[in-house]
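Colleague: Below are the structure tokens for one structure; questions will follow.
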Amino acid sequence: MPRASKSPARSRSPASDKPLAMRRTPRKAAPPARLGDGDNWGSSPASKWAPPPEPTPTKPAERGKALFDAEDSTAKNKKKAKAGGVLQWYRSRREAKPWVYGLLEGAAFAAAGELVATCIIKQQSADPMRLLFFAGWGAVVAFCVAPWLKLLSSLTLSRPYRLLDSMGKAVLNQLTMTPLLTLVFVAAWEVMLKKTPVPELATRGVGPISEPFTDRYKRTAVFWLTADFVNLLLVPKNYHFLVALAMGAIWAVLSSHMMT
């Protein structure tokens, strides 16, 4: 039986024919690092080291004041949250029944204007009939003005010039809705508060109301021309009706002060 050859050339496997991987980066010879050598450890002078400052003790009065401020802030936040909840509740109800709440808002604004004119400006006691008249009149105005303002907002009289568009709508309102409402107001005032019978008023024609109508229409047109122009120009469409009711309350104060 032949012996296996012990020659290095024959015993070398094929994989060993490949050259060995050589290190291409030079090895950096450095002595072992020692703690405190060249790392600035403990090199600062002792005079630079200082103990940390002690916390300033809070006085009892300051702690009490801080606690009071925190409680006051919490109370204010609760009030704001409660007010926001009430407004959210009213908004949801109003969106569900806009006509009902619109009439109630108109009546409330007009009645408030009558109370201010009578009790604060004239320094007189409130008249229940006048109060009822103005509340009813506010509801009538709200019923007429709500769809009318929506129609005015949808119209475009001058597209490139918003100023002229708002002024044109305000003038249109004074030529259409304002004289109609003024006539109804004067007639209702003669019947309900001056106790003029309706047959007598119909018999005498427009004579008894022509003079008060002309005088009131001049004042109404001047006031509402300015109010409508500002409302249509500066106020967003969603708030036109609310601003109109607020201006109506101011006009109710003036009307109650002028009408006797």
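Backbone N, Cα and C atoms are what each Cβ position is placed from, and that goes for glycine too.
In case it's useful when we look at the structure, here is the feature table from TrEMBL:
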- 1-16: compositional bias 'Low complexity' (COMPBIAS)
- 1-62: region 'Disordered' (REGION)
- 99-123: transmembrane segment (TRANSMEM)
- 129-149: transmembrane segment (TRANSMEM)
- 170-189: transmembrane segment (TRANSMEM)
- 239-259: transmembrane segment (TRANSMEM)
Colleague: Going through 99-123, 129-149, 239-259 one by one, which has the most CB pairs that fall under 8 Å from the transmembrane segment (170-189)?
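Modeller: Comparing 99-123, 129-149, 239-259 against the transmembrane segment (170-189), the winner is 129-149.
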Colleague: Counting only residues 6+ away from its ends, which parts of the chain sit with a Cβ under 8 Å from the transmembrane segment (239-259)?
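Modeller: Distant Cβ neighbours of the transmembrane segment (239-259) are 102, 105-106, 109-110, 112-114, 116-118, 121-122, 130, 134, 138, 141-142, 145-146, 149, 153, 185, 189, 216, 219-220, 223-224, 227-228, 231-232.
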